[in-house]
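*Asks:* In case it's useful when we look at the structure, here is the feature table from TrEMBL:
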type: ACT_SITE; residues: Cys385; note: active site, nucleophile
type: BINDING; residues: Cys263, Ala264, Gly265, Pro266, Gly267, Gly268, Lys269, Glu288, Asp314, Asp332; note: S-adenosyl-L-methionine binding site
type: DOMAIN; residues: 160-456; note: domain 'SAM-dependent MTase RsmB/NOP-type'
Amino acid sequence: MSVAPARRVAYDTIRAVTGSDAYANLLLPKSIARAGLSGPDAGLATELTYGTLRRMGTYDAIIAVAADREPARIDPAVLDALRLGAHQLLATRVAAHAAVNETVELVASATRGRGPVGFANAVLRRISQASFAEWMVRVTELARSDDERLGLRSAHPVWVLRAFRRALAAEGRVDELDALLDADNVSPRVTMVALPGLADIPADAERAPYSPIAFRAPGGDPQPITEGSAGRLRVQDEGSQLAALALSRARPVAAGERWLDLCAGPGGKSALLAAEALAGGASLEANEPVPARAGLVRQALAAVPLKVEVSEEDGRERAANAPAAYDRILVDAPCTGLGALRRRPEARWRKQASDVRDLSALQRELLADALSAVKPGGIVAYVTCSPHLSETAAVVADAIDAAGGAVQELDARGVLQAVVREPLDLPVPTSGAGHAQLWPHRHGTDAMFISLLQRVR
Ligand SMILES: C[S@@+](CC[C@H](N)C(=O)[O-])C[C@H]1O[C@@H](n2cnc3c(N)ncnc32)[C@H](O)[C@@H]1O
């Protein structure tokens, strides 16, 4: 039996993600194009890849019971095939015989001898004997806590869902946790930006609710729109647009202002800030230490007729070497990305709780150095695409404390409400802090955190 090309593409992508740390959202479109898939076949390859990777932890729990063996003791090439097979059997309308036979065929092509093939065949047949709901009853009975059960049902690691619960509790909305976990398992609609002053939203496009420059890609396919737009109509999450606009529109721009985008790669917000700087008579510099990503920043900036220098330094040094030089700085800090799980299906399983400690130390240093690089009266926007409190409110609170009265937090929610087309539901945090936290389930955006900090002396 031959393997359908869509399944082969899904399997190879999953192997590259689990075995070589590839990113599915970057690799899959290239693999689909190379295999010549289009229409429903491309859709099937995407569904199989994203669905399998998103629910990997849950499928592993099912495979452990069906195989009577811990996933860590299964050959990785076989395990990935079993994950893909389990997804087809339990969460799609793919016929069971096709799911089993073609998965076994994938195992035969990836391994030697009859052992792995027989093993995979037996495990898949066992999985096919019960529905997803029945398997959930079996695996959740083995869970050691309510949070483990919730993690299995929602396909989130326990440390991630606990971090989400704490962040929602910090704004008195802990009852939204289930909605947030559900939203993470649905691919977002493709949202685009029309760079202000340089491009118009296409007349027939559906507007997005909040950002005044956002619209939906017609038919979900951005390519016909991006082509021929010279980079001025581009894909960008509405939350990212709002984060950049919160800085550029925090107050009117005075001609001659100097702006810096400190952590700029791959350049989506730089392009938007450049368009805003051009309109207001400000200048912009950008910085990104990873050379390949700095190249992407230059590409993105090519859309805007403004000369923008792109440096390739560690942001801490870049900012520390420019005391009181800038009027506005964007610190879109490197973070866990837990706010963008919808579009990065494997990210939730790849990140570890221990990553947060190292990242938050770097975030604190970047923010402190950025605050030293703004003029008195200047504004730093501290932004993450993570809602984890250790990367968000705690970093900002420490920066304000450390500044000993030299830094105050502005009302980011008020700034955003003045920018948006429809009011945002942005509760006041129980701490009373001035930041804004966007959410996939509530706003349809990535979970962007936005704090505006002003140096007062
Ligand atoms: C969240 S991304 C920025 C996204 C970007 N602003 C955009 O909208 O396209 C964070 C960036 O920070 C960069 N980065 C990592 N360590 C850094 C450091 N020490 N200084 C400055 N940037 C850093 C990463 O390479 C990454 O490109």
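Heads up, the Cβ atoms here are built off N, Cα and C, so glycines get one too.
Just tell me what is around each of these and how deep it sits.
*Replies:* Counting only residues at least six positions away in the same chain, the Cβ atoms of Gly239, Ser240, Cys335, Gly337, Gly339, Ala340, Asp446, Ala447, Met448, Phe449 sit under 8 Å from the Cβ of Cys385 (active site, nucleophile). Following the DSSP three-state reduction, the secondary structure of Cys385 (active site, nucleophile) is coil.
Gly267 (S-adenosyl-L-methionine binding site) is surrounded by 28 other CB atoms, counting those within 10 A of its CB over all protein chains shown.
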*Asks:* How many angstrom lie between the most widely spaced Cα atoms of the S-adenosyl-L-methionine binders Cys263, Ala264, Gly265, Pro266, Gly267, Gly268, Lys269, Glu288, Asp314, Asp332?
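*Replies:* Value for the max Cα separation, rounded to a whole number: 19 Å.
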*Asks:* As a test of reading the model: what is the averaged pLDDT for the domain 'SAM-dependent MTase RsmB/NOP-type' (160-456)?
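*Replies:* Overall, the domain 'SAM-dependent MTase RsmB/NOP-type' (160-456) comes to a mean pLDDT of 97.
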*Asks:* Who sits close to Asp314 (S-adenosyl-L-methionine binding site): which same-chain residues at least 6 apart have their Cβ under 8 Å from its Cβ?
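*Replies:* The answer is Pro289.
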*Asks:* Applying a 10 Å Cβ distance cut-off over all chains shown, what neighbour count does Lys269 (S-adenosyl-L-methionine binding site) have?
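*Replies:* Around Lys269 (S-adenosyl-L-methionine binding site), other Cβ atoms within 10 Å: 26.
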